[in-house]
Structure formats: structure tokens, C-alpha cells
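Q: Before I ask anything, here is the structure I am working with.
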Amino acid sequence: MEWVWALVVLAALGSAGAERDCRVSSFRVKENFDKARFSGTWYAMAKKDPEGLFLQDNIVAEFSVDEYGQMSATAKGRVRLLNNWDVCADMVGTFTDTEDPAKFKMKYWGVASFLQKGNDDHWIIDTDYDTYAVQYSCRLLNLDGTCADSYSFVFARDPNGFPPEVQRIVRRRQEELCLARQYRLISHNGYCDGKSDRNLL
């Protein structure tokens, strides 16, 4: 009879996974998000890609808050054009507050015209401000409230990544966003470091 109980347990686990609520409106964000503590340099460690041409790796973002409490960001990273031309490019974003301090509208554009531009939701799903942050954006909703075109970043303060206990937290947040195993790791090999004008846009 032990195998029967094993099947029951597996079925229950499978049912629990199948019943995960993937409607965007159900996703939890960081409570009492503090923009000032979040400001500074963040290194992208992993990314769930959207549709369109965005920065691909070596992504470093700098968030800042001005004297009026307005948050903005710049990001630099590598982009591959025409399948064989690597360039370093910059993107800029400005944030509009909403009723929830962890949910923003982000207007963004590339300094180079070939990069994607838009005005998307930008949610801070979780952060401890000192080690990690998980960001999420849904650009297009399905009729059932799930997301048809989303992107998400996992950021770190340290370009070398996270300790194991933080990795476990990040994985849980990815699962809660219904994006488990949909992220790709982002390399940091120094391609866009320095002031060289080689392949800069």
C-alpha cells in the first residue's frame, strides 16, 4: 500500500502546482518599497526575455532618486546586431509612481534608435536592498489575466552573484511569477567596461 500513498502524495503535489495562480493581478510585490534604499548600482544576473531588441548581457543598471523623490535609471549592456556585430549600448528609464510604492510605470528608450522603447509596468517583486532584487513587467495581458509578453530581471549588488540562501529565495520568487526555468543567465565579462570608444553606441 505504500506505493498507493506515494501516488496520492505525487498527485497532490501535482495538483498544487497546477493550481498556481498565474494571473498578473495575483502577483505579490515588495511591501513598503523604499526607493532611496534601492538606488545605486545593480548587476543583472538573470533575465526572462521579452519580445524585441534589448540589452543582452554585461547589463549594469544605475538607479537614482532626485530631490523630488523621482526615480530614474540608466543601463548599459551588450547588444548583438545582424547576428554578428556586438556593440555596447545605453538605455534610459524614468519612473512614475502609483498607489503601490513597489509598482511603477516606466518610460524607457535606447540612446541608439534600434533599441526597444516603451512605457511598461515595472514592479519590484522582492529585494533586500543589499544583495538581490527581482523585477517584473508584463507588457501584454491574455484575456484570462495571465501575461502574454513579460520580462523579468534578477539583479545583484555583487557582479559575482549570490550566496546559496539568496539563490533559494530568488528561485521561489521566479516560481511565484510562473516563470520557473524561463530565465537565462547573464554574463559579466567586462565587454562594456572602460571608456574605449570601440563599438559604443
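Every residue gets a Cβ built from N, Cα and C, even glycine.
Swiss-Prot lists these features:
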- Gln116: substrate binding site (BINDING)
- Cys22-Cys178: disulfide bond (DISULFID)
- Cys88-Cys192: disulfide bond (DISULFID)
- Cys138-Cys147: disulfide bond (DISULFID)
- Arg139: omega-N-methylarginine (MOD_RES)
- 1-18: signal peptide (SIGNAL)
Q: Hey, how far is Cys138 (disulfide bond) from Cys88 (disulfide bond), Cα to Cα, in Å?
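A: About 26 Å separate the Cα atoms of these two residues.
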Q: Does DSSP give Arg139 (omega-N-methylarginine) helix, strand or coil?
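A: The residue in question, Arg139 (omega-N-methylarginine), is strand (DSSP, three-state).
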Q: Cys88 (disulfide bond) to Cys147 (disulfide bond): how many Å between their Cα atoms?
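A: Between the alpha carbons of Cys88 (disulfide bond) and Cys147 (disulfide bond) there are 30 Å.
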Q: Under a three-state reading of DSSP, tell me whether Cys178 (disulfide bond) is helix, strand or coil.
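A: The residue in question, Cys178 (disulfide bond), is coil (DSSP, three-state).
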Q: Taking just the CA atoms, what is the gap between Gln116 (substrate binding site) and Cys178 (disulfide bond) in Å?
A: 24
Q: Near Cys147 (disulfide bond) in space, meaning Cα within 10 angstroms, which of the recorded positions do we find among Cys22, Arg139, Cys192?
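A: Candidates kept after distance check: Cys22, Arg139.
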Q: Whole-number answer please: how many Å between the C-alpha atoms of Cys22 (disulfide bond) and Arg139 (omega-N-methylarginine)?
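A: That separation, Cα to Cα, works out to 15 Å.
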Q: Do you know offhand how many angstrom separate Cys192 (disulfide bond) and Arg139 (omega-N-methylarginine) by C-alpha?
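A: With distance taken Cα to Cα, Arg139 (omega-N-methylarginine) is 28 Å from Cys192 (disulfide bond).
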Q: Taking the Cα atoms as reference points, how far is Cys178 (disulfide bond) from the residue listed as 'omega-N-methylarginine' in Å?
A: 15
Q: Let me check the 10 A CB neighbour count of Cys178 (disulfide bond). How many other CB atoms are there?
A: 17
Q: Quick one: give me the count of other CB atoms within 10 A of the CB of Gln116 (substrate binding site).
A: 17
Q: Give the number of CB atoms, excluding that of Cys22 (disulfide bond) itself, located within 10 Å of its CB.
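A: 15, counting other Cβ atoms within 10 Å of Cys22 (disulfide bond).
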